[in-house]
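S.K.: Straight from TrEMBL, here's the annotation block:
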| type | residues | note |
| --- | --- | --- |
| DOMAIN | 1-381 | domain 'FMN hydroxy acid dehydrogenase' |
| BINDING | Tyr26, Tyr131, Arg166, His280, Arg283 | glyoxylate binding site |
| BINDING | Pro79, Thr80, Ala81, Gln129, Thr157, Lys256, Ser278, Gly334, Arg335 | FMN binding site |
| ACT_SITE | His280 | active site, proton acceptor |
Amino acid sequence: MTRYAYNISDYRKLAKKRIPKGIFEYIDRGSENEIALNRNREDFDCIEIIPRFLRDVHSVDTATCILGCTYQTPLIVAPTAFSGLVWNNGEQLIARAAGHLGVPTCVAMMSITPLEMIAQGTTVPPWFQLYFWKNREKTYNLIKRVETAGIDKLIITVDGPVRANREYNGRNGFGMPFRFSCRSILDLARHPSWLVSTILPHLWETGLPSLVHYPTNAQPNILHAPNDGSIGLANDLTWEDIKTLRDKWRGKILLKGILDVEDALLAKSIGVDGLVLSNHGGRNLDSSPSALSVLAQILQHVGKDMTLLVDGGIMRGSDIFKAVALGASGVLAGRAPLWGLAAKGEEGARAAISILIQEFKTTMALAGCRNISEAKKIHIT
């Protein structure tokens with residue numbers, strides 16, 4: 001634990017001091033009025049755990065099985081774009097920090113570090129997150145690259161057919177491409193330690209941060225948009241595309257962004273292995289429900305043989321417990337590890353993930369649960 005950082009909120013405060021406002025708000029804020037963003041937290045906070053006592057909890061086992069793999073805790077580091085902008089080699093550092101703790105990381109398609117380097121640097125095999133491009137063949141070529149790297153779990157993000165209305169990014173000038181203005185230049189200048197430790201090393205080592213999973217001859221970077229319209233994100237994605245991908249991909253497939261029962265049943269009917277229930281961290285449709293609020297209903301319809309993960313609003317280990325108790329196989333957390341990374345690099349990322357794991361273990365013991373099976377039987381209201 002880093003000095004003066006006892007929980008994830010502490011790391012958020014440290015991150016806010018160290019990195020430019022534009023980057024911090026890109027991570028931290030939601031879309032429009034931030035109703036969905038706030039709802040994610042409110043729905044976790046209103047749940048009560050009814051503990052059981054006089055149980056021997058001297059040994060608590062947090063291990064769980066997700067998609068055929070045993071992990072030390074039901075936690076996955078969520079895919080987050082541009083993690084390398086909060087700390088040099090940030091994507092590698094988060095994956096390595098998580099791996100030391102037995103936690104898998106899902107590599108973002110919009111990362112600035114190649115998936116091969118990330119996979120080589122962690123002891124726990126990573127997952128990969130995919131957006132479909134308009135050009136399907138180029139999308140399938142990327143999938144072949146993912147498979148060649150030894151990755152066998154693919155999360156397809158389906159909840160962003162168009163760009164969301166993230167007003168804070170517009171005000172701060174943070175986007176692709178980055179827009180220089182008096183405000184953004186002053187913002188960067190006020191954070192010299194970030195410039196020296198993050199941007200300058202990247203410029204020296206590899207040049208401008210680029211989206212390295214895009215085709216080599218058309219890779220966008222932080223100053224230039226893609227010069228190939230065929231690699232724009234697909235806004236014409238349908239269930240037929242998912243069926244085609246299911247035929248091409250031999251590993252596990254999860255759809256991220258599902259919140260509707262009928263969509264969940266459609267996914268199951270075409271052989272999708274799991275769902276990441278998510279409102280994109282409150283960053284897309286601002287009137288959407290939280291993942292937690294639809295979990296029980298979707299589980300009731302798809303059954304326990306389909307893996308359900310919950311994403312959005314994870315700030316405490318008790319949040320992991322609540323999701324598991326409601327029937328989730330695990331959770332994805334994106335902001336928490338990023339705040340740790342932004343504050344203290346790999347040390348901070350590892351500490352932030354450790355906090356979530358330890359809080360989860362403590363919650364299990366206080367609730368009278370010795371393993372994940374017992375956590376799923378605990379009463380919550």
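Each residue, glycine too, has its Cβ placed from N, Cα and C.
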S.K.: Looking at the binding-site residues Thr157, Ser278, Arg335, whose Cα is closest in space to that of Tyr26 (glyoxylate binding site)?
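M.R.: Nearest by Cα distance to Tyr26 (glyoxylate binding site): Arg335.
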S.K.: Using Cβ-Cβ distances, find the residues under 8 Å from Arg283 (glyoxylate binding site) that belong to the same chain and are at least 6 apart in sequence, listing them in sequence order.
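M.R.: Listed in sequence order: Arg29, Gly30, Ser31, Leu37, Ala164, Arg166.
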S.K.: These are the binding-site residues: Thr157, Ser278. Which one scores highest on other Cβ atoms within 10 Å?
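M.R.: Buried the deepest by this measure is Ser278.
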S.K.: How far apart, in angstrom, are the most distant Cα atoms among the glyoxylate-binding residues Tyr26, Tyr131, Arg166, His280, Arg283?
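M.R.: Among the residues the record ties to glyoxylate, max Cα distance equals 19 Å.
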S.K.: Give the three-state DSSP assignment (helix, strand or coil) for Thr157 (FMN binding site).
M.R.: strand
S.K.: Sort out the sequence-distant neighbours of Pro79 (FMN binding site) for me: same chain, 6+ apart, CB within less than 8 Å of its CB, listed by position.
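M.R.: Non-local contacts for Pro79 (FMN binding site): Cys106, Val107, Ala108, Met109, Ser111, Gln129, Ile155, Thr157, Gly334.
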S.K.: What is the average pLDDT across the domain 'FMN hydroxy acid dehydrogenase' (1-381)?
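M.R.: In the predicted model, the domain 'FMN hydroxy acid dehydrogenase' (1-381) has a mean pLDDT of 95.
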S.K.: Could you check which of the binding-site residues Ala81, Ser278, Arg335 is the closest Cα neighbour of Tyr131 (glyoxylate binding site)?
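M.R.: Closest candidate to Tyr131 (glyoxylate binding site), judged by Cα separation, is Ala81.
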S.K.: Look up Ala81 (FMN binding site) in the DSSP assignment and report helix, strand or coil.
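M.R.: Its secondary structure by DSSP: coil.
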S.K.: Using only the residues recorded as binding FMN (Pro79, Thr80, Ala81, Gln129, Thr157, Lys256, Ser278, Gly334, Arg335), report the maximum Cα-Cα distance in Å, whole number please.
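M.R.: Between the outermost Cα atoms of Pro79, Thr80, Ala81, Gln129, Thr157, Lys256, Ser278, Gly334, Arg335, the distance is 17 Å.
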S.K.: Rounded to the nearest angstrom, how far is the Cα of Arg335 (FMN binding site) from the Cα of His280 (glyoxylate binding site)?
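M.R.: Roughly 11 Å, rounded to the nearest whole number.
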S.K.: Looking only at DSSP and grouping its letters into three states, which state does Tyr131 (glyoxylate binding site) belong to?
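M.R.: Its secondary structure by DSSP: coil.
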S.K.: Neighbour count, 10 Å Cβ-Cβ cut-off, for Tyr131 (glyoxylate binding site): what number do you get?
M.R.: 22
S.K.: Quick one: give me the count of other CB atoms within 10 A of the CB of His280 (glyoxylate binding site).
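M.R.: His280 (glyoxylate binding site): 22 neighbouring Cβ atoms within 10 Å.
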